[in-house]
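Engineer: Below are the features listed in TrEMBL for this protein:
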type     : residues  : note
DOMAIN   : B:18-133  : domain 'Response regulatory'
MOD_RES  : B:Asp69   : 4-aspartylphosphate
REGION   : B:319-379 : region 'Disordered'
COMPBIAS : B:342-351 : compositional bias 'Polar residues'
Amino acid sequence: MEYAGLRRQAAYTRKALFDQGYLDEQFYQLEDLQDDVTPNFVEEVVTLFFKDSSRLLSSIMQDLEKSSPDFQKLDAHMHQFKGSISSIGALKVKNECTLLGEYCSNKNLDGCIKAIHKVKREHAILKQKLEAYFQLLRQIGPAEGATRPVE
Amino acid sequence: MDNPSSSSRFESFPMGLRVLVVDDDLTWLKILEKMLRKCFYEVTTCCKARAALDLLREKKDKFDIVISDVNMPDMDGFKLLEHVGLEMDLPVIMMSVDGETSRVMKGVQHGACDYLLKPIRMKELRNIWQHVYRKRVVEVKDMEIQDINEEIYILRSGFEHFDDRLFMTSIEMTSSSSSSSRKRDAREFGDLELCDPAAAKKARVIWSVDLHQKFVNAVDQIGFHKVGPKKILDLMNVPGLTRENIASHLQKYRMYLGRLQKQQETRALSSNIQSDLSPEDHSQSIDCQNPLQFTQNTEANSCGNNPHKFLEKVMLQDAQKSDPKNPDFFLGKDSNGGVNAADTTHPQKTNGGPRPAPLLHFKGMSPGADHKQAHPTLSKQQLWHDSLPLRQFMRYPKHDHEPFSLLDDYSLPAPTHEPRVSPWHSQCPPSLVSISSSNEKEEPDFVVKSRKVQNLNNTSSVSIQVEHGAVNSKEFGGIYEHNRSHDWIPPQTKLNTGTEPELIALSEDTNMYSVQGVDFNGSEMQPHNNECAASLTHLQSNWYDELEYSCEYLYDSLDYPLLDECLFA
């Protein structure tokens, strides 16, 4: 049946997200939290995450676009962003963000700008992949989540 | 935890733990909420620190614990932590992505009971109830300590107003202030107490017992009046400790003291009602403190330090509990419930040396019979002593007063009461709550016993008191009030440290004092007794509070052993 195929595909997609280092075990935690009371918990959280993290990302971008960035403010935004990333276990984004943090602490503006773009790219890739994954889940059945996933 | 009404929740504890989660990160807020719900906790979420603070202020007793993020745009998480710690005395868990040692340290310094790193795991949240539980345990201990302190207070100041009067007026030599003025004082105190209740909850810093002891020692060394964070910091000389930490801790410590004062007041009132205590109390109060006037700090210091130190000595006093001597007097008074009758009789006797409590005790106690009795009783008390040696010491003052005796009696003969009561009493004589409740309900019989005990105590405690008195005389000479407060503290330290020659000399001096004190008391004491009746209403309210506490404690009876560990103990 197509249903079985979809299931397999979803499982494969999910596994790839971990295998390719996009997600870490925090995502398992989210999955464990999902239950009958909140059948779409993971998707809801991920949706919330992208909404929030996108906002934080843009505020970091704004910080860096200034001619003389306020590194203190930047650091605060970075912190928030890192916290946000940790919520769903976005491993690749987190790694890029760590690099960005190093540039920030060295006040290397060029490095920061390069790094933020990488962060942004990884963020976008993850969003895309997760959207696809939740799409699959929704096709599998209402029990797996019928709400629109990532925005 | 603070609500007696929450007792029902205790049954299923930690289920139903009321948690407030504060995080500007909505994703985390959602995750944490879910996790906490899975732990069967009651969760409230808030994405703004200021809103959280408002919420906490508005619904003070609606939460058991707070989990807060460190980095929040509208308010630094540490700031929130500080407010919560000081205003609500709730355990606060900080969290952040950053595990930087300095940051974690800052959190702990500001009073965080734990610091979690994101991503937070559910197993970590499952365990947060321990912070609430620990706090309860500590509070129980505190209560015991407070009881001890209270006892001391009672001893010192049987009547706080009295002390105050002495303080305020003594200088002016208006010690004979009218009863009305005293009443007024009492009321003022009562009000203070009412306001302080919040303070009573005083936030607990995670200071280790040792650290806290250092802190207390430093405070004692400096003196309550002169205490400042910087001085304490210098004295403590603990690496990593900041002035901020000390300031915060000092603030809490003061609040704690304030609470103690309240309790003492209530006890004093109760004692006044009984009337027996009044004279003794006065003397004691004078010696030790005018808590109110002095400021909570002094009291706290004196109380906190003294109790422990005193406890050892107190043990002896405890032994005295079983005094057969003055049963009649006590009985009569107690049965009357009549503060007046009892007051008049006892006050005079005891009053002999009201203000120098030690002196009074000596005078009253001096009778050989008392001493003898005290010794026999010691064996009984020893049991208690084992558990709470220091506290017992504290009791001794209480014993002199009615409350103490009551407690002692309870503990010794009546396991029937809650196991708690006895432990409390034994451990912390000052525990007003237990005493108060017992007194009210069991009034006559207990009172009698207690009084007897008091006598015994007095005898045993004589040596200590004498020392104190001596100290006072030397240091303060004419002025009793200030000295007294100080004296209390120093005596303990002195005793512990033990400059024996000095002490001995002092003892002699103290005797002199006692005589003087007696005179004072004779004139002034009576008015107090009368006032006591007036203050009964106040007392009653206090009593109720105490009763509530005791109820809670009952639940926690198991926690007793822990009490010893309390920071403030």
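Positions of Cβ are set from backbone N, Cα and C atoms, glycine also.
Keep in mind that TrEMBL annotations are predicted by a computer and have not been checked by a curator.
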Engineer: Report, as a single number, how many Cβ atoms besides its own are within 10 Å of the Cβ of B:Asp69 (4-aspartylphosphate).
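Structural biologist: The Cβ of B:Asp69 (4-aspartylphosphate) has 26 Cβ neighbours within 10 Å.
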Engineer: Just to confirm my parser: what is the rounded mean pLDDT across the domain 'Response regulatory' (B:18-133)?
Structural biologist: 91
Engineer: Based on DSSP, tally up the residues of the domain 'Response regulatory' (B:18-133) by helix, strand and coil.
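Structural biologist: Tallied per class, the domain 'Response regulatory' (B:18-133) gives 57 helix, 24 strand, 35 coil.
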